Amino acid sequence: MSSIDIPREQWATRAGFILAAVGSAVGLGNIWRFPFLTAESGGAIFVLVYLLLVALIGLPVMLVEFVIGRRSERNPIGAFRRLGHPSWRFAGAIGAFAGFVILSYYSVVGGWVLQYIVASFSGGYGGDAELFFVETASGTNAIVSHAAFMGLVAGIVALGVREGLERAAKVMVPSVIVLLVILAGYGATLPNASTGYQFYLNPDVSTFASDAVSILPAAAGQAFFTLSLGMGVMITYSSYLGEDRDLLNDSIIIVVIDTFIAILAGLVVFPFLASQGVDLETGGGGAGAVFISLATAFESMPAGHLVGGLFFIMLAIAALSSAFSILEVVVSFVTDTFDVDRVPATIGLAAVIFVVGIPTATDLNYLDAYDLFANNILLIVGGLLLSIFIGWVYAPDALEELGQGRGGNGLFDTYWITVVRVVVPLVLLYTVYLAVVEYIEFLQGTFF
Ligand code: PFF
């Protein structure tokens, strides 16, 4: 039976929806990807552009997904059919493809986290945090832990234990915040911390215009990635929402929590990187930056291995609830399109995604290649198509839907539809153009 015929359940409580959406949004994107991308992209200027894009593009696109999900009560593939525009299904297909690629390396990084949990409780990170990272992120270690992470995600999806995950998210979000605050406090005491803050928080406004353009694709990709946009996760989650909920209110809560955690992660990572003498102006440590700086911190702070163990467990839960949401979308795409059952589809897809991810487990250049392609291009194209659909094909109904649960449309709604029609498509089109040019250069410089 396809999902079209199943009567729709709803979230039991408002908290259920927020927790699931926050569980998807908060993950490796906040704690691993945001700091390392910031380090790579010039620091404070990147943070500024990222924050602007979250507010100007991220929030409106999240509402686009919420409107589609709640209106259609379907996942992204069924949604367009239900809304009377089945030809737009290809937008859902692009999202599912993005999810497929993202999960293949997200699971590799999730595997690193699993290895760091084990290390925290069994004698630490080998004394040399950099060497430890290299050993974690290469060879058999990386492949085995990638398999373990993927197995966990597939198990959760196959068993359909979303509730367990929501309960875990309830503990995860406050714990992550508390641990990050403790670590940020410790970081503030380190020698040279101010160099880190300077790089992270003090943008050079005089070069803003030229710098902003060059980091636009990275900042836009990160905004989409961290908010779980562009691949239909938020369509799926909001499809279980009742008409009495205020979509705007819920989206603001989700965006604020997600952004807060990312900013906090930077407040931890940058003083540590600076105090370890990493040259921030020249790129700051790459994909390993967070793992290396945190492991060094845990080696030196009081009760560090215990704090480290707890931290990596929380990070694993955050990563699992995000990965879960991605696999959900990919699995529903396949079960809806090809009429296969859920459990075999989950196992088969997890196996294929595992294999596709293997190159990224053995070579960080592949990880960059997958990551740039999926985030800076596919997610943005996904968001672009959804926004064009809502802005130009479905606007009156979309506005009506946004007004539900809020007593009709207000000034914000006019602002929203205008942004979705004009600003979002223009900015994203330009971003995709820049991203494609950059991607071709990256591939030529790295592999040829
Ligand atoms: N938002 C997640 C993170 O920041 O780790 C990753 C992610 C989940 C991206 C779901 C995309 C997605 F659809």
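Just so it is clear, glycine is given a Cβ too, placed from its N, Cα and C backbone atoms.
What TrEMBL says about this one:
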type: TRANSMEM; residues: 12-32; note: transmembrane segment
type: TRANSMEM; residues: 44-69; note: transmembrane segment
type: TRANSMEM; residues: 90-118; note: transmembrane segment
type: TRANSMEM; residues: 138-159; note: transmembrane segment
type: TRANSMEM; residues: 171-193; note: transmembrane segment
type: TRANSMEM; residues: 213-240; note: transmembrane segment
type: TRANSMEM; residues: 252-274; note: transmembrane segment
type: TRANSMEM; residues: 280-298; note: transmembrane segment
type: TRANSMEM; residues: 310-331; note: transmembrane segment
type: TRANSMEM; residues: 343-361; note: transmembrane segment
type: TRANSMEM; residues: 373-395; note: transmembrane segment
type: TRANSMEM; residues: 415-436; note: transmembrane segment
Checklist entry - So, do the transmembrane segment (138-159) and the transmembrane segment (171-193) meet, by the test of 3 or more Cβ pairs under 8 Å (sequence gap 6 or more)? => result no
Next on the checklist: Which sequence-distant residues neighbour the transmembrane segment (373-395)? Criterion: at least 6 residues beyond either end, Cβ under 8 Å.
Outcome noted: 57, 60-61, 64-65, 67-68, 80, 83, 85, 88, 90-91, 94-95, 97-98, 101-102, 217-218, 220-222, 224-225, 229-232, 417, 420-422, 424-425, 428-429, 431-432, 435-436, 438-439
Item to check | Range from 12-32, 213-240, 252-274, 343-361, 415-436 with the greatest count of C-beta pairs under 8 A to the transmembrane segment (90-118) | outcome: 343-361
Next on the checklist: Quick test of the contact rule: Cβ under 8 Å, at least six residues beyond the ends. What residues does that give for the transmembrane segment (12-32)?
Outcome noted: 106, 109-110, 113, 162, 165-166, 168-170, 172-173, 176, 180, 222, 225-228, 233-234, 237-238, 240-241, 245, 250, 253-254, 257-258, 261-262, 265, 287, 290-291, 315, 318-319, 321-325
Next on the checklist: I need to check the long-range neighbours of the transmembrane segment (415-436): which residues 6 or more away from its ends have a CB within less than 8 Å of a CB in the stretch?
Outcome noted: 53, 56-57, 60-61, 63-64, 213, 216-217, 220-221, 372, 376-377, 380-381, 383-384, 387-388, 390-392, 395, 398-399, 402
Item to check | Contacting positions for the transmembrane segment (213-240) when only residues 6+ beyond its ends and CB under 8 Å are counted | outcome: 8-11, 17, 20-21, 24-25, 29-30, 33-34, 37, 40-42, 45-46, 49-50, 53-54, 57-58, 61-62, 65-66, 68-70, 72-76, 79, 92, 95-96, 98-99, 102, 247, 254-255, 258-259, 262, 322, 325-326, 328-329, 332, 372, 375-376, 378-383, 386, 427-428, 430-431, 434-435, 438
Item to check | Segment-segment contact (the transmembrane segment (171-193); the transmembrane segment (343-361)) at 3 or more Cβ pairs under 8 Å | outcome: no
